[in-house]
Amino acid sequence: MAKDQEKKEETHRMQREEEEEEEEEESENWDDWNKNLDDEEEEMEEFDFKCLFCDSTHASCDSLLQHCRLTHHFDFHAVRKAFALDFYASFKLINYIRSQVAENSSWSFELTGQPGQNLEKLSHETVNGIKLLWDDDKYLKPVMEDDSLLYSFAEDEEGEDDDTTSVDKEELMRDLRNFENMIIIDENNGEKSAFDTDIFNEDGTKVLPSSNGHLNMRTKMEAVIGMESRTTVGLGNRGLKDKHLIVLHGNSIAKDIENVNENYFGAYSSFGIHREMISDKVRMDAYRQAILKNPSLFRGAVVMDVGCGTGILSLFAAQAGASRVMAVEASEKMAAVATRIAKDNNLLQSKTQNEGNNQCTGVIEVVQGMVEDLHKSIQIQPHGIDVLLSEWMGYCLLYESMLSSVLFARDTWLKPGGAILPDTATIFVAGFGRGGTSIPFWENVYGFNMSCVGQELVQDAAQNPILDVVDDRDLVTNAVVLQTFDLVKMKPDEVDFTASIELEPKLGSSTGNFTELIAWCYGVVLWFDTGFSSRFCKEMPAVLSTSPYTPKTHWSQTILTFQEPLAMALRKPSADRSAAAAAAAVGTDECPAARLSLRISIARATKYRSIDISVETAGVGPHGQKRSLPVQIFNIS
């Protein structure tokens, strides 16, 4: 019996051991499977999202869709909302676009006109409404194998409000009240066709279109279909009741703009900001020279100063002999300050009764409000201004979006042939080296190595732009023009642009930036110049430069850091080195790039007064081979 019991216990023990071994083996297999899955996911995260329109790849769905919006002017989320597309309809849309691009690489999804295709061709009229071109079950079949976008675009939908419900006619008409002019731009011929439908206020009066063709983006609403959220479009060319016009988030957008403006103008109520600007010698010298050293332009002139702040430019204009100066300031506090300053200097225009006659003293009239609403505050004839003056520039030139207000004033109030100061603006770009980063500082802090902090800051800078002063000795490439604006001729929508440039290594030396044969480029730096050219300043032109080569200004420069530094060859490699470099990645120590090819887009962001900057970078080898870095998108807000 004892032996039988021992055998049973031995059998049970062996069974338990076998079970434990099986469980352990299953656990190991499961861990291996999870590890393989994690490895696959990590591989997928490495730029597995291919652009809908070009060959660029991206690390995430959000990055890809933001690239499409900035570079190709296709806002996927806005189109989904505009057409109330569910998951399957959106799935079809992606495959439809890929099929069109596969057939024609230059095809683009734009509702504002494209080669051989007008607005209506993106949809077919049906009895009950619109049948979209991609509304076909054949587009449920993926066009591209392993298309990550198809399975990722809806991941962020959970918890979002459903804003895709179509608006009825009464709601549409309420949102359209106070809206100035609705246009469709055909990029083929540059023509603008206004809707042929009249819009009326509640009292029956007709809402007149803007005489200058501007869309008043500060009014009730905006609409978005495949373009930036500033463009308002409709479908078709018949009456409004036959239009399938989509109005998106009208009231909330207007409220957002109102809030941003309140914060923006509130910030300019701080005297510290105005002291910083007035203390900027480069800024003040350029404007003072342009105004006081060109008496023939200002003597007896009617001048408008847009965004006058303390009124310093208006004071210069009055000093130069202007007959009337309208100083326009949206901040209520600063308008009161500018009024007091003009009065204290005996330059404020005032009307007093003297023996029955109005007697005017001084020439400056301060008007509180936005320039778009100027006609509500004072009597002013359209196109009655001789000189339009403004210091409108923001970081990277275009941040703050004040230029649109200046262009509005130009088109509404400036005389034909009148002067606008400054009249030119240019954005420059150059590559910077290691000295332009925070790495050198953290390498030796009182004898201690804190380089890990510098490395982390550089990684963060690859996602967020830095506003700082760059030493010209830390530039490792030549400087090139990215974009030039002629403020006399430019259109308001030209503030959004895409430009392609090439940067070549700069021969020279600077500690930490160069080795014997290689310059390491860590990113690009942007700055701007504005010009008071001889077109208007005939006696003495002037230039305001924010360049690293000139004294620093309060604008500093805008620094955009690459995700990894790129090596650039300072001279042509030897035959031996060239052969060895053929198999290496371009931009590395083994195969330094001969030049950098960049495509940079700057556009007004969804958040009002902010800008988005998209940077596509590729290193070009000595034999023309290329290696592209992931597309980077920066926001200045």
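Here the Cβ of each residue, glycine as well, is placed from N, Cα and C on the backbone.
TrEMBL labels come from automatic prediction, so no person has curated them.
Residues annotated as compositional bias 'Basic and acidic residues' in TrEMBL: 1-16. For 17-31, the entry in TrEMBL reads compositional bias 'Acidic residues'. Residues or ranges marked as domain 'Methyltransferase' by TrEMBL: 303-349. According to TrEMBL, the feature domain 'Protein arginine N-methyltransferase' maps to 423-568. Summarising the annotation, TrEMBL assigns region 'Disordered' to 1-33.
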Please count the residues of the domain 'Methyltransferase' (303-349) that DSSP assigns to helix (H, G, I), strand (E, B) and coil.
21 helix, 11 strand, 15 coil
Tally the residues of the domain 'Protein arginine N-methyltransferase' (423-568) by DSSP class, grouping H, G and I as helix, E and B as strand, and everything else as coil.
26 helix, 63 strand, 57 coil
Here the mean pLDDT of the domain 'Methyltransferase' (303-349) is 95
